[in-house]
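Trainee: Pasting a structure below so you can have a look.
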């Protein structure tokens, strides 16, 4: 039994024992898909027996069970929370049958199903895999990539992948997969290879066996391997050896372990991306491949490899060469021509050329690979032994391009071959484990030999490769890593569970509830050689039975009967572990520090292995000790500690530290039983006997020592002082003091112990840990605990300087005398004093203090990874107060010295020339640098709050500096650190994908029915009510543009009208009104542009176009379908199209839309087809049509529906703007005969579709100056009419379309049309414009134009009426903004009456427009410039339309003159509109508004008929559109009034086209609900020319001069420019003042303008910067000179700019004039009344709940205050100070200083930390750097109230001086002369020494204290001690023996 207890002593107690049942198994039973049969299959056989009577059935069912049973499997992994950090819970992936269940735990609760998947066939394998989403496939991508986390489910023929974002992929598998592995890059597949693959008669290369897939949408590509050959050079080849199997794959480091079944060896490879040169080597053809090897040579090489001598590790790969893989062509029998995934009869077949993504499922693996596989294909043999004919000699087909391999495995290590190698030595389990010192081991378990082989490996110095070392064998039956505590659990052959760290044994694991194997398992345990077959379900069947093909089972059932008991208990819920003979059978599913044990009775238990330490203090100390000790010693220390800590009945968290101290001291050679302070440790319960393992076990009877211990205990003292004790008059027991004296005399250390030699090193690192803890205000308790240990060690090592340091830090804790353990000289020799050990204690406070004073200090020693705060503080002080910017960027830093075990250069050299303040950078630069650096190293506000307030002050100062004017492009972390939530939220939003934003409108559910279907309820009313807050203009616009309600038909019935005539009258009136109604959708589309995010599961709501009316007074319906009047056919078809476009344009570009949704919206009824056609066009304009599958596009076009074709062609072209996309070009060319070869079949393409296709070509080739396209389009402008009515109607629109398209293709290229000089483009266009003889048609289409039209007799002259508009606009677009005067002069209006007669007046509009667009920079926004475009002859003879009498003239045609006049004016106005589009330029606005008013007056003038009402209406419409362009998106009231007036005009002269123009103007005015404006880029001008072409349709079906669909191209010119400030605290839009700075141009200097946001910004290229102005909101500057991208991304996400209200300010809504904020100003200006403020008023300054609570509880006076009133006043003034200065974070610092002063006054300061902080604050404010800062920025910084600091300083000085005079001088003298000091004075003495920087006695001048006679001499003698003069003045009386203190 004693033997057992000793074993028990070094045991490790496992905790938290729970029965384990995979969660998925339970869930399966209740899963709706789990049908009865599957349920039965999962039940044990015995249950079936009882439920079913027939025994025969049971037999068959049991047979099923054995197959099905093994299909159950599961795996666990560490939980990954959404944010990405690892959380401490399990995730389980469970597979059974065709179901996969993924369940997740969480920190608080048990597992719950996360997702469950059911697939069609049996799941072979399921796994987690992260795919990388990236275009660039370079290696560096894997460092900072976007991951797509997926679950992959392998079935026999395909692989399903489901991402957590909800994306599903399915990849067909071209072969049978034996195994799939998740890698760092994607998936790795192993192909099934049957063992009896017969080599074909023809010698040919073997097939690859391993493949990779980098993304579910990528192809499966073969894996390449690279291995050193026998001759030293490495060779690259495919992995083809079927004997090589993967046994393990690890993600980080990315390595693969393989097993060669022939050689019986394991190899390790690194998995990486293929390099380009390796790709080339593998893909080379045999002729080029240098050495041509055929299959025979390659196999002989492998044979040679396999016969390598046993001793050496084969460097060459066990893989065959595969360089000749291309030599044979595709087998004729392979049907894989049309498959996406390749056939691998050879690599030529691995071709991308024939892989459309269809037809994947139809081929079995055998067919695809021409090899035998597990699927028993009837063709099997014929495929395996293909006759030679099938491999015909044709070489690589020209179009087949081989599949390029993606991944490569690079050989790292192969195990050496022993003398005899067992056949079956494949590793059954492989894992990587790290030992407690960070050394890594690759462990693989060879079950057959009961061996765990551990290979040590490490990274090379340059981190590029792994170096493998020696192999250690551990006897084991099973093993599993315990990651969290860097150990592994090993199940030994005898059933013991043992913990190892690396290859060092830690101890046995004791599992409560399971009997120890040594007791129970003497007979039960099978011999190690017997494989444990039938136990535990999850062992794969193949392992037990071998391949089913080969082994013929006589009867599997009896075998199973044997194990049915196990299966029973497996499902038995309440199984007990105490059954006799239960032993651990295997270990599985390790996660974190939990692991599952499979027991021999089939049940499973999950245990937790205890952690190395739970308290932070012990963890840190262990880390430091581990860091400094040699690895082998460190391992021993950690193992000993772990045994002590984790013994059964181990310590609580409370006593963990005590246990650690005793354990550590024991290992150092102390006898802790005799050391007074460790002896008094109170352990809860008895100590584990492990602590002092050398002692014999104490007898149970007790001893004298126990009694002594009790008398010395705290318990005894409590009993003694108890009342009962006194009342009974018991005499006090004599406590024997002999022991104590005994203690103090002859204590010594045992120098033979493990850590004796390392005591100084351990002491030093623990001291550094102590200094680190001082920088964390939460670790006060830890400091007290650690100081005891440090003081003991410092005493014994005779380190007085350290003792003095600890005394000054904690005077109450450090006794000046204490128990010393003597270390004699001889022993001292054994001690190793490391080079980094300094005689002066490193002190972080002292270091910072010296730094602030500008004194020299040695570099501060720090432990990398442990003392991170010390490093941070040192570097931030060096950066901010010394101005050394390089300190944070350099790896080696002069301010820090890394503590390492390797020797360093002596410290003395490094001490010279230190710490000079550099003036290199400005303060703001230093502050920014500091803040950005701190955020980059992960420092957060929470860390800042735990720094002591004095240390934190410089950092807070820097933060305060940055907060005023931060950079707009700082990261989220930096913005959070400086307390700018507005910026951090902006940065955070910037990283999110564009989607539904803060401002997405939420329609209230209670909207009225009438509003529901007008198509305008998705606008953001909250923002619009801010933009237009004074009136209801938005409702007005909505009323004007709605087309879903019937119109009012007001007709008066005159007496002479019969009822029938009256009805006709009403219907005629309705027909007139319908002209207007049909024009409304175009305007509505503009108004609601991009305002809606559709729900992908719902169809898009399209408001109906209502063409009925209501006649008052009885609201009777008036309808056009009554047949009373003639209604034009198809009248509403284009109106429906426009309605569809308007509905589609509501969809915002960032919406989640896919092809399925687009098709889903297709209407059921044919009459809605036009609407859908418009919807398709709209989707193209907002960029969504690219998602429509090619198949669907083809489908729509073959229907032959004209409108659908128009919408689709224009839509896809707009979506592919300027891309020259070939597939779209092909699509368009079919519809443009001129682009087809002359011999092609003539297709019957409707005219309008041709027009759309031509414009489409222009869009796709926009700005490319593509020669062929330009040539064809140039010819098409003047295309003559052909025979048989071909191209005879509506020629104008086609010619115009060709002109516009040509203009787009050569947009803005001007005279730089490279390679087109022979086309004479400008001359040809000029000819089209003015007329002349038609040129001879060149090129391939000349045949077409030989036969003339029989209908139209034009002869060989150009018909200018047809070609002029297109040619004019083409010239305008080609020479747009080029200021080319010679071309512009061609376009000048004629200046003689004769020439005027030759030009149609409306063409003058186009010419004027074109000329002005070319001379872009000459356009000026005034009427003088407009008039300057009118030729002199017209100006001189222009008539006033208001005159009654018209002048008579024989020479002049007044009609021509006046028409020419109005059209030229209109053209100039239109060009003005283009020039200032979206600018809201006031001069342009007033100029255009004047002309609009003039035209309105002309219409009612007496002589209007001379000009003609139609012409005047056209010109008015053009001017109105120009006006709307300039004011786009602004909702200007004057323009709205004009539009509203014209909306009401519905007389006979107002046709459909004019209504269209007026409502387009209205739409532009409110573009996108005020969120969008127009751009003036070349592309935008081109789009606007198409959309606003100044010839309007006469009626709703008129497309003669201009295709109506083009009216919507304005979308391409719209850009989001609305900036909406959103208050970051309330998350609501608000007003904010912004200032934009315009760059200087030739017209104006750089200017600034203030705008009140929400507002439309000017075009970004005009701006230099934009800033949010104070004083209400924190300032924010966006500098556009650095790039416009940041602001563009803000504007594209609804323009949300987060702003933060400053303290004491109210928003513009609450306080428009800013008067209420004055209250805050008085406080901020530090008036004397500030103190008198009431705490209640604070709520108007700040909304911070913490500050409000502080005011509530600490600043409100109560009735009887008394002395507390003073504190209350102080707190109130501090609070106001903080709020008004906007530094609420300083409140705790103020209060801490106040508390420190109070405790100093009371003289009960237990430690000097707070005094240090006050000292550091005073030093910071008097430091040179701060003084300079104050000088440069008098208004910034000034953190602490200037009145508060002097008060603090005076209070501290006065208190210490009082103490000095009241007897303190005696203590100081005693201290300095090394004599004992009175105990009661120790606290104040320490405060005095710290505050006045008094040096330690040993630093005083050697002559001692006496000897100086004068103060001057004293100053001289103390000069090297850097003592402040004020301190010397106070010391002088003590030192000079003068009783009069010289206090200043």
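Cβ from N, Cα, C; glycine included.
As the structure is a computational prediction, the values presented were derived from the model and not from experiment.
In case it's useful when we look at the structure, here is the feature table from Swiss-Prot:
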- 51: phosphoserine (MOD_RES)
- 60: phosphoserine (MOD_RES)
- 312-343: region 'Disordered' (REGION)
- 313: phosphoserine (MOD_RES)
- 323-343: compositional bias 'Low complexity' (COMPBIAS)
- 341: phosphoserine (MOD_RES)
- 343: phosphoserine (MOD_RES)
- 362: phosphoserine (MOD_RES)
- 370-395: region 'Disordered' (REGION)
- 373: phosphoserine (MOD_RES)
- 377: phosphoserine (MOD_RES)
- 384-393: compositional bias 'Polar residues' (COMPBIAS)
- 547: phosphoserine (MOD_RES)
- 555: phosphoserine (MOD_RES)
- 571: phosphotyrosine (MOD_RES)
- 680: phosphoserine (MOD_RES)
- 686: phosphoserine (MOD_RES)
- 991-1014: region 'Disordered' (REGION)
- 998-1007: compositional bias 'Polar residues' (COMPBIAS)
- 1297-1325: repeat 'PC 1' (REPEAT)
- 1366-1404: repeat 'PC 2' (REPEAT)
- 1467-1501: repeat 'PC 3' (REPEAT)
- 1520-1552: repeat 'PC 4' (REPEAT)
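Would you situate these features in the structure and describe their surroundings?
Mentor: In the three-state DSSP reading, residue 680 (phosphoserine) counts as coil. The C-beta environment of residue 680 (phosphoserine), restricted to residues of the same chain at least 6 apart in sequence and closer than 8 Å, consists of 712, 713, 714.
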Trainee: Over the repeat 'PC 4' (1520-1552), what does the predicted model average in pLDDT?
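Mentor: For the repeat 'PC 4' (1520-1552), the model's average pLDDT rounds to 95.
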Trainee: If we skip the immediate neighbours and take only residues 6+ beyond the ends of the repeat 'PC 4' (1520-1552), which ones have a Cβ under 8 Å from one of its Cβ atoms?
Mentor: 1027-1028, 1031, 1033-1034, 1036-1037, 1040, 1072-1073, 1075-1076, 1078-1079, 1469-1470, 1472-1474, 1476-1481, 1484-1485, 1488-1489, 1492, 1496, 1509-1510, 1513, 1558-1562, 1564-1568, 1570-1574, 1584, 1588, 1590, 1592-1596, 1598, 1617-1618, 1656
Trainee: Go ahead and report the DSSP secondary structure tallies for the repeat 'PC 1' (1297-1325): helix first, then strand, then coil.
Mentor: 17 helix, 0 strand, 12 coil
Trainee: By DSSP, how many residues in the repeat 'PC 3' (1467-1501) are helix, how many strand, and how many coil?
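Mentor: Final tally across the stretch: 27 helix, 0 strand, 8 coil.
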Trainee: How many helix, strand and coil residues does the repeat 'PC 2' (1366-1404) contain under DSSP?
Mentor: 23 helix, 0 strand, 16 coil
Trainee: Counting by DSSP, what is the helix, strand and coil composition of the repeat 'PC 4' (1520-1552)?
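Mentor: Summed over the repeat 'PC 4' (1520-1552), the classes give 20 helix, 0 strand, 13 coil.
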